[in-house]
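Record features (Swiss-Prot):
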{"type": "BINDING", "residues": "S53, T75, Y272", "note": "substrate binding site"}
{"type": "BINDING", "residues": "D160, D246, G271", "note": "NAD(+) binding site"}
{"type": "ACT_SITE", "residues": "R222", "note": "active site"}
{"type": "ACT_SITE", "residues": "E251", "note": "active site"}
{"type": "ACT_SITE", "residues": "H268", "note": "active site, proton donor"}
Amino acid sequence: MLTIIADSNIAHLHDYFNEQTLNHPIQVISMAGRDITADALQQYQPDVLLIRSVTQIDAKLLDTNQSVKFIGSATIGTDHVNEGYVSLRGMRFVNAAGCSKHSVAQYVMSAILQLRPEYWASNTSQSDKPVKLGIIGLGNIGSTLARYALDLGWEVLGYDPFQSASVINNASVEKVLAQSDVISLHVPLTLTGHSELPTYHMIDADALAKMPSTTMLINTSRGAVVSEADLLADLNQNPERQVVLDVFENEPTVSAELLDKLTLATPHIAGYTLEGKLRGTQMIFDAFVRSYGEKGADILSIKETDLMADLLPDNPYQWQQLKANPQKLAEFYDIKADDRQLRDSVNEQAGAVLGTDFDALRKNYTLRREWLFD
């Protein structure tokens, strides 16, 4: 029998990982991601861990464990996983790279266009001053966001030192900061000593000082990419600046003082669409089958299968339809409703949204639909 410990927030977990789909005896133990601890591993001795970004995969979790052979993260980001350590231990790690790239890009576009609806027409064909969208980080999400911006006729100022120069990777970070109308962050969280260009506190007092006070800042990557202390100081000096945060430096706790200064704030749900979450589960399921199925350890007598197509209902949301009817934006995604839910969760006595309440908002989130782009 294969034993799996899985984050209970993984979409359609039991539709994918069961004895019928795998044709093999299997035990799936689901729990909150923050409860996947060394003690839990000691108790259940799992062969497989299926996680999301709240579970830290490192020596603290795994040093005393000898049972885990496969770790799948149903997320784009990997900064919660010490990949060097995992490799050293001979474990296989996979993530769901790109699974929610359209979901996050659509979240960013929703934020921009709900706050600045005039940008629908601020393009190269209708304006002599088209919107300049600055994108820092041009991986799966950043490059997808650029496609939406270019489709609206906006100008993209992109910066990614790890990508080759291109139509969208076309600016220095200084130019992005100084000349963008909106800046959207799409970088992993890396620390000094672990990267040539660490992103921890990339947006600090110096970076904020280079941005015009009218520049909107959006962060959907990792909270600590932005220094919240410096951001709060900047917002006190420049109250007109619009800032949208989906991630927070001290997540899952969110300061009420900071929240009060933000234009929009949501509980780390930018990628939370039905399509994005299902795609993440499908991707780690496929990788699991490759590891344990006919191409791998021959434990499972099955091949990869596309369950996602069977689980998705019809999708009425199309990007081109929204472009033709901008007034329907809130019907496609009402970002302000998610903002209200987070603000309503502030514990006045603590002066913050508590971690338990933040996690509950994520766990109970009604998944929105991803718009069809092409």
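In case you wondered, yes, glycine gets a Cβ from its N, Cα and C as well.
Sequence-distant neighbours of E251 (active site): residues of the same chain at least 6 apart with a C-beta under 8 Å from its C-beta are G223, H268, F358. Around S53 (substrate binding site), the same-chain residues at least 6 positions away in sequence with a Cβ under 8 Å from its Cβ are G33, S73, T75, G77, D79, H80. Taking the mean position of the Cβ atoms of S53, T75, Y272 as the substrate site, the remaining same-chain residues with a Cβ inside 8 Å of that point are R52, A74, I76, G77, S100, H268, G271, G280. Considering other CB atoms within 10 Å as the measure, the emptiest surroundings among the binding-site residues D160, D246 are those of D160. Here R222 (active site) is compared against the binding-site residues D160, D246, G271, and the shortest C-alpha distance is to D246. Comment: substrate site residues S53, T75, Y272; largest CA to CA distance 13 Å, whole number. Within 10 Å of the C-beta atom of T75 (substrate binding site) sit 25 other C-beta atoms, taking all shown protein chains into account. The DSSP secondary structure for Y272 (substrate binding site) is coil. Taking each of the recorded positions R222, H268, G271, Y272 in turn and counting other Cβ atoms within 10 Å of its Cβ gives the largest count for G271.
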